[in-house]
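Data first, discussion second: the structure below is written as structure tokens.
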Amino acid sequence: SSFILTGIPGLEDAQFWIAFPFCTMYFMAVLGNITVLLVIKMDPSLHLPMFYFLSMLAAIDLVLTTSIMPKLLSIFWFHSHEIDFGSCVVQMFFIHSFSTVESGVLLTMAFDRYLAVCRPLHYSAILTGPTTAKLGLAAAVRGIVIITPLMCMVTSLSYCGPRVIHHSYCEHMSVVKLACGDTRPNSLYGITVATVVVGLDSTLIAVSYMLILREVIGLSSREAHLKSYSTCGSHIGVILLFYMPGLFCSYAQRWGQRIPVHIRILMADLYLLVPPMLNPLIYGMRTKPIRERVLILLRQRR
């Protein structure tokens, strides 16, 4: 009826201190994403497709970080390692489904930037309000539909022996390894989903930014070149931080026995903390309308 989460195996003595930078990153992620959501909601001039997608990303990041941090901090600071099976499955569902949803939202944001740069005359005609809502809904439905069978497969397994999960949270393969019987369908479905989603979405995002850069190269303004390269570079950097560690964690859980366990777990923890912390800075504060609105609010408070 319950499992034991170990935290970071091999670093038990250091977990108390590791929690402080983790807590700081969580605080920055929550503060940054809530700020983005409030600014976009309060300013009618920001009620545009680009900022709607950014709002979706901020909301998803809040869910992702909050799905792991309370339990993670209770493990590191209060040695509260036990988690019941139902809570474990719920946490697993939120982590994996919203990671998939975020991948879809990042893809829609790349499509939005492609239209804005390469098809500016058709932008408003293509990305209408209903179309924006449908794209966001499609990303959410896809994530839920893909991950729900995985949860059904996990709940149908029988678990015997020590119920110790060598992880900081209920990651799919870490839980499946504790099951009795044939777990190959779970492993195969999980790795297939991770490979297809990451491979397809990251390829389409890369194509979008390649087309954007090709369009920018044709511009005569050197300032426009530098601004576009800076924006695309920072976006691609954050996207790589989201996709590469996620894929690494999926493969390492299955075939990374030679990789130290604490490295794998730390990477998995940072994968759910670093991108949500950086997204408000890269996508939000580097965007001029949002930055100006935040500065105005700060001046008003003074």
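Glycine residues also receive a Cβ, built from the backbone N, Cα and C atoms like all the rest.
All annotation found in TrEMBL is predicted automatically rather than curated by experts.
Annotated in TrEMBL:
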- 32-283: domain 'G-protein coupled receptors family 1 profile' (DOMAIN)
- 16-39: transmembrane segment (TRANSMEM)
- 51-73: transmembrane segment (TRANSMEM)
- 93-115: transmembrane segment (TRANSMEM)
- 135-159: transmembrane segment (TRANSMEM)
- 188-212: transmembrane segment (TRANSMEM)
- 233-253: transmembrane segment (TRANSMEM)
- 265-283: transmembrane segment (TRANSMEM)
If you count Cβ pairs under 8 Å, which stretch among 16-39, 51-73, 135-159, 265-283 touches the transmembrane segment (188-212) the most?
135-159
Taking contact to mean three or more C-beta pairs under 8 angstroms, with sequence separation of 6 or more, is the transmembrane segment (16-39) in contact with the transmembrane segment (135-159)?
no
Stretch of maximal Cβ-Cβ contact with the transmembrane segment (233-253) [cut-off: under 8 Å; candidates 51-73, 135-159, 265-283]:
265-283
Which residues of the chain, 6 or more past the ends of the transmembrane segment (135-159), have a CB below 8 A from one of its CBs?
52-53, 56, 85, 89, 92-93, 96-101, 103-105, 107-108, 111, 172, 175-176, 178-181, 183, 185-186, 189-190, 193, 197
